[in-house]
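Here is the structure we will look at, set down as structure tokens.
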Amino acid sequence: MYDTLPPELWVQIVDYSGEISLLLTNTSFFELFNLINIKTDIIEYVMENDLIDILKYLSLLKKLGHPIIVDKNILNIKTLNKYLIKNCGENQLEIVKFLVSLGADIRAGNDYAVGLSSQNGHLEVVKYLVNQGSDIRAENDYAVRWASGNGHLEVVKYLVSQGANIRADNDHAIGLASYYGYLEVVKYLVSQGADIRSDNDYAVRMASRNGHIEVVEYLVSQGANIRSDNDYAVRLASQNGHLEVVKYLVSQGADIKSDNDYAVRLASQNGHLEVVEYLVTQGTNIRVNNNYAVEWASKNGNLEVVKYLISQGADIIADNNFAVRWASRNGHLEVVKYLVSLGADIKSDNDYAVRWASGNGHLEVVKYLVSQGSDIRVENDYAVRWASRNGHFDVIKYLVSQGADIRSDNDYAVKWASENGHLEVVKFLVSLGADIKAEDDYAVRWASEKGHLEVVEYLVSQGAVLS
């Protein structure tokens, strides 16, 4: 049937259906490609629809010098290059070869194909590209650097055999291999002359930071300085909770008190209790920097760390009760309760705790603070105003039930709820008597300015004037 239909009819069929695959059913249909109105990239279509047999067929036609390929403009070099790179990254060697046969440039994008296939560990693709003339040294030896960073030892070895420079970019290869914990790659690079001390001992610092104990031990055995950059290694190992690395570094002479006891402060901040306990046994000072450790453990909700630090003498009321104020602000109810049980002042800094708990929508914290005597009316009803501004409906309703004045500060609550598009809050406030016309119809003007159509429509229905 295909061969009996005239070309004019096929052009109409393809234009009407939008289905370019009809052109791929018979070689003669390629002749119609320049006649149809559909602007479809044939290679894009073939690749996106996994029509590999068509790709092979196109390759054969190209090899035979068929005029369909030679004379017709159906092969887009940018598209060929795009899918060459994509398939190199996906280890599709057969497809890569067909794309190259159709004219794809293996060196497109500054030899990105060999860089990506190296980065992803596709050794056979890498070898093929190198045999076809790819430059493995492109982009400051990107290929070997990221093959190292991703732990592809065999690719690294092959690239080195082909002349790759493992020391490019300030020994980036061993830095990356250490950062990601690829011990065998690290050992191989060292055997090939990589400098583990480059960039202020980047390798051991990053291996420590990321908890790669075996890499750390190996680098130390090769002469790495664990105290570089103000004892960065032990500080960041502590910050990230890598206890075994911390212990090892301490055994090698790391100073846990460097940078104002950074190690215990950040371990506390991030909730790494075992690291904190160990550092305390080694003599760290948990009260440095105005009791930073307990303050930030509280701020981040790390209750067990908070309890331990207090047991070791941390001062919970330091810095104007920072601990309970920020635990409240961030919604950490159990921490708040514990601190209050030990004497923290929830009313410090003009009732900061309840104001910010309200503004951030932490209803259970707000309820608890009110039960403990917090004043929700301070700072001109800051609590309900900011709960309204941020759309925390449940908090608003609770505060109103406790006597908050929604009209404080020239009807701030409804103005800002409107400006920020909180329709249900606006409706609730209006039902309680909020004046939507306050400050020259501020509410509707700013709701309109910010594009909150439903709020605008509601306010207008309630008598607001949109000038």
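Note: Cβ is positioned from N, Cα and C throughout, glycine not excepted.
Features reported for this protein in Swiss-Prot:
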REPEAT    38-70  repeat 'ANK 1'
REPEAT    79-108  repeat 'ANK 2'
REPEAT    109-138  repeat 'ANK 3'
REPEAT    140-168  repeat 'ANK 4'
REPEAT    170-198  repeat 'ANK 5'
REPEAT    199-228  repeat 'ANK 6'
REPEAT    229-258  repeat 'ANK 7'
REPEAT    289-318  repeat 'ANK 9'
REPEAT    350-378  repeat 'ANK 11'
REPEAT    379-408  repeat 'ANK 12'
REPEAT    410-438  repeat 'ANK 13'
REPEAT    440-467  repeat 'ANK 14'
Same chain only, please: residues at least 6 beyond the ends of the repeat 'ANK 9' (289-318) with a C-beta under 8 Å from a C-beta of the stretch. Say none if there are none.
260-261, 264-265, 268-273, 276-277, 280, 324, 326-327, 329-332, 334-335, 338-339, 342-345, 348
So, by DSSP, how many helix, strand and coil residues make up the repeat 'ANK 2' (79-108)?
21 helix, 0 strand, 9 coil
Residues of the repeat 'ANK 13' (410-438) by DSSP state, where helix covers H, G and I:
20 helix, 0 strand, 9 coil
Compute the average pLDDT of the predicted model within the repeat 'ANK 4' (140-168).
99
Spatial neighbours of the repeat 'ANK 11' (350-378) far in sequence, C-beta under 8 Å, 6+ residues away:
324-325, 328-333, 336-337, 340, 384, 386-387, 389-392, 394-395, 398-399, 402-405
